[in-house]
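Colleague: For reference, the structure I am asking about is given below.
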Amino acid sequence: MFNWIKTFMLMAAITALFIVIGGMIGGRSGMMLALLFALGMNFFSYWFSDKMVLRMYNAQEVNETSAPQFYRMVQELAGRAGLPMPRVYLIDEAQPNAFATGRNPEHAAVAATTGILNILSERELRGVMAHELAHVQHRDILISTISATMAGAISALANFAVFFGGRDSEGRPANPIAGIAVAILAPLAAAMIQMAISRAREFEADRGGATISGDPQALASALDKIHRYAAGIPFAAAEAHPATAQMMIMNPLHGGGLANLFSTHPATEERIARLMQMAQTGQYPA
């Protein structure tokens, strides 16, 4: 129930951003059009955003024949978690990373890059996929997929406001500086909405993944290795669609400044420390 409340609040907050930007572009008429657009986007995001994200990353579905060891690993972990078998995808990218998507456990998918399969041991990879299945178990995947889709749409709409100008509430041409401000601040506002739900969600998925796999130390080792390797390997699809970065087990984006300030992922060192404490004491710290 709490996840449905979070989903509703996320949709409401991002819809409000759409309306504000619509008002900047076209006054009252723009606000109404933006509201209709936001409602349409919410509907689309619920039903189709998982397919869109998988297409963005050119993810290829695999099965027990094409990737037997990886597929059976996910199958075994899904059984341990009491989940239906998700669809399994591989992404031909060198950067080690993984994510889960879908609107519910019955329509879930997990995806991993070829890079993560190449650098992790079987035990570490098992920890990563258990983490992704924990997102499915906690029903986080709908929230993360919707927020990624809607945040991308907000950025596009804000850029539209800059290039095509706008109208105030009386229908007069809007201040162009205000349009530029919207283009800068609207994506940041969308990122902050994502941050409000993403960081705590990653800690919970670490705890849940360690419980599913029964091996918190393996996930800690995997996070350390992914963090070190990912920093030196660009991920073109993620850079092209930065709003989807919060879906990944590790931030795939490069660069400093705002990219780090508004990171939707908690510090890797803290994630590892919590998992190591769980390995030693059997309890994940609050």
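Yeah, the Cβs are placed from backbone N, Cα and C, and that goes for glycine too.
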Colleague: Need one residue: from Glu61, Glu64, Glu202, the one Swiss-Prot lists with His131, His135 for Zn(2+).
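Modeller: Among the candidates, Swiss-Prot records only Glu202 at this Zn(2+) site.
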Colleague: Could you check which of 146-166, 230-250 is flagged in Swiss-Prot as transmembrane segment?
Modeller: 146-166
Colleague: Fewest other CB within 10 angstroms, which one of the recorded positions Glu132, Glu202?
Modeller: Glu202
Colleague: Taking only same-chain residues 6+ apart in sequence, whose CB is under 8 Å from that of His135 (Zn(2+) binding site), what do you get?
Modeller: Ala100, Ile141, Ser144, Arg201, Ala205, Gly208
Colleague: Neighbours of the Zn(2+) site His131, His135, Glu202: Cβ within 8 Å of the Cβ centroid, same chain, sequence order.
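Modeller: Near the Zn(2+) site, the remaining chain residues are Ala100, Glu132, Ala134, Asp140, Arg201, Glu204, Ala205, Asp206, Gly208, Gly209, Ile249.
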